[in-house]
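Single-structure report; data block below.
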Amino acid sequence: MDFSIKGCDWSKGTANGFLTGKSDCIVLGVFEAQTLSGAALDIDEATKGLVSRVIKAGDIDGKLGKTLFLHEVSGIGASRVLLVGLGRQDAFSQKAYGDAAKAAWRALLGTKVVQVTFTLAQLPVPERASDWGVRAAILALRNETYKFTQMKSKPDAGAPALKRVVFSVDPADDKAAKVAAKQAVALANGMDLTRDLGNLPGNVCTPTYLANTAKKIAKDWGLKVDVLGLKQIQALKMGSFLSVAKGSVEPPQFIVLQYRGAAAKAAPVVLVGKGITFDSGGISLKPGEGMDEMKYDMCGAGSVLGTMRAVAEMGLKVNVVAIVPTCENMPAGNANKPGDIVTSMKGLTIEVLNTDAEGRLILCDALTYAERFKPAAVIDVATLTGACIIALGHHNTGLFSKDDALAGELLDASREAGDPAWRLPLDDEYQDQLKSNFADLANIGGRPAGSVTAACFLSRFAENYPWAHLDIAGTAWKSGAAKGATGRPVPLLAQFLIDRAGA
């Protein structure tokens, strides 16, 4: 799909050349009980009051998300007009804009429209310019058009008819909007990869499949990749990671993918993604109901790989390293048992009180490995705890960090990207829950503050660099009728790196 930007000053009224541009449809926003303004006013004048008449007739009332097509329109270059309700102007917000854009795309995708002129990006969204509107609209469209049909014998209907979108923006925002469009496409491509990886079944998306995906990203975008196999992992003495992997016939992989967009000496940001391609719980077996969704336990890894793809396509001037420890967590005669004690790469011994708390066991060795890159910051991403879902539900990703500056950057990025996160505590007092009578620490700390103690466990292996942990257990996928991976937190991570790169 092709996206282009055109500066447009609606204050010029019907003299604006934008109105005569050929298009199958022009998208206009109308507020509830409000005098027409901007693009809607100009097109109303060009069509001799058509927009005003349909509003007066009650065909559309401007309520948020309502749509109405006007056909065989004369006086402008577009043959059709799509009116989109925006709700009350005094209540118009970023969310309302997103809802309006979504409604517009859904209406358009149900037609044979090929080329669209989209004017909503110039709407008065508080604290936002048209470049933000362009990015949000493209991401909304790509979300609407995403389909996962790879595993069906007869895939659903093909690509939508819509092929080209021209965004009108304020002339002063023209350059920024072009950058925003490019970044939005790259971001959507990264999110689609993340969603595809998450939606694939565990018998397809194995550790080897993730490794091959990383190799493809490296080949397509000129990145460096190293995939360490069993013997290399053993040589590194990653006993914690290997203790999880040994219960499965699928061989573990340790993926290191490097993007260099800045000077060689510039310290990289390291992203660590949990890659449990299927989590049965191990000997501490999960309940059978809903266990199919444990294919999503590699969404941390998927989001890190998706972010790397997006960053490479954007060409950001920043160095980034992705580390993905990946394996299955399965019950077997040689699998971890409750009470086993394993030795991590760092040398700390860990009492495995619950084999279903395996994510932290593979991440801790990856966090130790990350030290060799002398990172500017390390961010790990994991579907780590059900406790985080209890605390935050499915809206906010859980953010943990002792570094206030890094946490602030990530929260700012989450707000800018519309990919919300909420900071949770990481006080030293919680560490007491991880005490073991027989090892340096236990892998669980009991039911109270389960997401916090999981982060506390990881913090013991991330003491030598600025570090943050993102618990995406509640945000990486949806259940129910809309079951599927969300692509989060690729927008948050990408925006963080955009900000770091000064792009």
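Note: Cβ is positioned from N, Cα and C throughout, glycine not excepted.
So that you can see what the record holds, here are the features copied from Swiss-Prot:
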ACT_SITE  LYS286  active site
ACT_SITE  ARG360  active site
BINDING   LYS274, ASP279, ASP297, GLU358  Mn(2+) 2 binding site
BINDING   ASP279, ASP356, GLU358  Mn(2+) 1 binding site
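Location within the structure of each feature annotated in Swiss-Prot.
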residue: LYS274; record: Mn(2+) 2 binding site; Cβ contacts under 8 Å, 6 or more apart: ASP297, MET298, GLY300, ALA301, PRO325, GLY359, ILE362, LEU363, ASP380, VAL381, ALA382, THR383, LEU384
residue: ASP279; record: Mn(2+) 2 binding site; Cβ contacts under 8 Å, 6 or more apart: LYS286, MET294, ASP297, GLU328, ASN329, ASP356, GLU358, GLY359
residue: ARG360; record: active site; Cβ contacts under 8 Å, 6 or more apart: LEU384, ASN443, ALA454, PHE457, LEU458
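Within 8 Å of the Cβ centroid of the Mn(2+) 1 site, not counting the listed residues ASP279, ASP356, GLU358, the chain contributes VAL244, ILE276, SER280, GLY281, GLY282, SER284, LYS286, MET294, ASP297, ASN329, THR355, ALA357, GLY359. Comparing the binding-site residues ASP356, GLU358 by how many other C-beta atoms lie within 10 angstroms of each C-beta, the top residue is GLU358. A helical conformation is recorded for ARG360 (active site) in the three-state DSSP classification.
Reduced to three states, the DSSP call for LYS286 (active site) is coil. For the recorded Mn(2+) 2 site, residues LYS274, ASP279, ASP297, GLU358 set the reference point as the centre of their Cβ atoms, and the other residues of that chain within 8 Å of it by Cβ are GLY275, ILE276, MET294, MET298, ASN329, GLY359, ILE362, ALA382, THR383.
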